[in-house]
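**Q** There's a structure below that I have some questions on.
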Amino acid sequence: MSKPQVVFVLGGPGAGKGTQCSNIVSKFGFVHLSAGDLLRAERSKPDSMFGELIDSHIKNGTIVPVEITCKLIQNAMEASAASRFLIDGFPRNKDNMIGWDTTIGDQVDLLFVLFLECSENVCIERCMKRGAAGSGRADDNLESLKKRIVTFVNDSMPIIEYFKEKNLVKRVEAEKNAEDVWSDIIELFKNI
């Protein structure tokens, strides 16, 4: 049996990961697993043993322990009948990368990393707009956003560099409007 295929989707907060993942799911049949959504869902379960810990990390703009995130991703993959997955917002740091490699890495075929590149100002503007529109996300505020962006630059950019060295990064300029970004992404996915 062939291994599930995975594309990591990385980009700063507000780079358009959720929007573009929805498009990829609709057109190319991938299953979208958002690390953040999985963590938020786990946090809201009344019987979750990780709820408070996850909540604290989300509010502080810090990264949840890798064992928790990997377990949630692995459970979601196993619960799905699909064989192609977009994993959005993961791995976020070196610890995530090591955790992925030791728990799941050899069980999947990593196709590439889709990197949605977007400036800090555009990311903040988009998230603030999303928060004002009632996203319901505790971290769509200026204080959390600034922390999230620092975390992204310090922790996630080295991961993107790591994958670049392995020739696995497909970069898309994400400051354009969503339709133009989508056109670029179609080109990357149409031959998979």
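Placed from the backbone N, Cα and C atoms, the Cβ positions cover glycine too.
Take a look at what TrEMBL says about it:
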- Gly14, Ala15, Gly16, Lys17, Gly18, Thr19, Arg130, Lys176: ATP binding site (BINDING)
- 34-64: region 'NMPbind' (REGION)
- Arg40, Thr62, Ile63, Val64, Gly89, Phe90, Pro91, Arg92, Arg137, Arg148: ribonucleoside 5'-phosphate binding site (BINDING)
- Asn96: CMP binding site (BINDING)
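Let's see these features in context: how buried, what's close, how far.
**A** For Gly18 (ATP binding site), other Cβ atoms within 10 Å of its Cβ number 16.
The DSSP breakdown of the region 'NMPbind' (34-64), given as helix, strand and coil counts, is 20 helix, 1 strand, 10 coil.
Cβ environment of Arg40 (ribonucleoside 5'-phosphate binding site): Ile54, Ile58, Arg137 lie under 8 Å away, each six or more residues apart in the same chain.
Taking the Cβ of Asn96 (CMP binding site) as centre and 10 Å as the limit, one finds 22 other Cβ atoms among all the protein chains shown.
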**Q** Measure from the CA atom of Gly16 (ATP binding site) to the CA atom of Ile63 (ribonucleoside 5'-phosphate binding site) and give the result in Å, rounded to a whole number.
**A** 20
